[in-house]
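Before any comments, here is the structure.
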């Protein structure tokens, strides 16, 4: 062999060292040199590919988010503005229709009371003989709130007195000897009967004022307030009848009948006769006498109704 011959001839033997290939070291950010194509699947943070991956449809994510914000904000703002405008229009429509049938703004005046006013008003209803000044106070042609003037009419005392009267009537019917007569339906009957008499009173007075052609500032709510004060005496009479029998009932009810008569005379004469004095009507004139008769009739009807609505509750 050739190698053997060379070795035998004394020729120095050549060693065959293994060849070392230099593999280029990949720098950071460079692809593998043995790959034919660059792998761009992991490069989500560089170039146009990152924008496509974030956008999802080939559009940059920043432009998509800005467009969404542009479309979302105006629509929500318009919806909120449209909803608030509809709510405002609905509230205005409801308030207008309510005020047409029920004067809510006027009712607030009649319920503007406090504890001091209620105490003074109840004292006035019990002892009207001690009161001297019956004029209603005005401020810029508008009557002051009831809590500032004890002579002003209110609806708080009549409303509370009416509800209390119904409850006391139920108590009186339930404690009678013939307790089997009592049933919850009797409470409704008592309430409807009292409301019917009150409505009949108001209509009769309004019709009388129209027929006599009296110009007065008395309103329907004023009449309801003045006529509702008699329930205070009715409650007191029934309670005294339950405690002390018919004697206590007649004594207390008689006192309140006289008190409500004096109260109505002194209150209504300022509302009805004052207009006649302002118009220059003679004191002894025919129309002025009709005003006086009407005032007396309204005041005299209160004791009669107080007895009619309570006598059957005391046995």
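Keep in mind that glycine also has a Cβ here, set from the backbone N, Cα and C atoms.
Range 250-269 is the one annotated as transmembrane segment, of 250-269, 270-289 (source: TrEMBL). Proximity of distant same-chain residues to the transmembrane segment (224-244), defined by a Cβ-Cβ separation under 8 Å and at least 6 residues beyond the stretch ends, is recorded for 110, 122, 125, 153-155, 157-159, 161-162, 164-165, 168-169, 171-172, 175, 194, 198, 201-202, 251-253, 255-257, 259-260, 263-264, 267-268, 302, 305-306, 309-310, 313-314.
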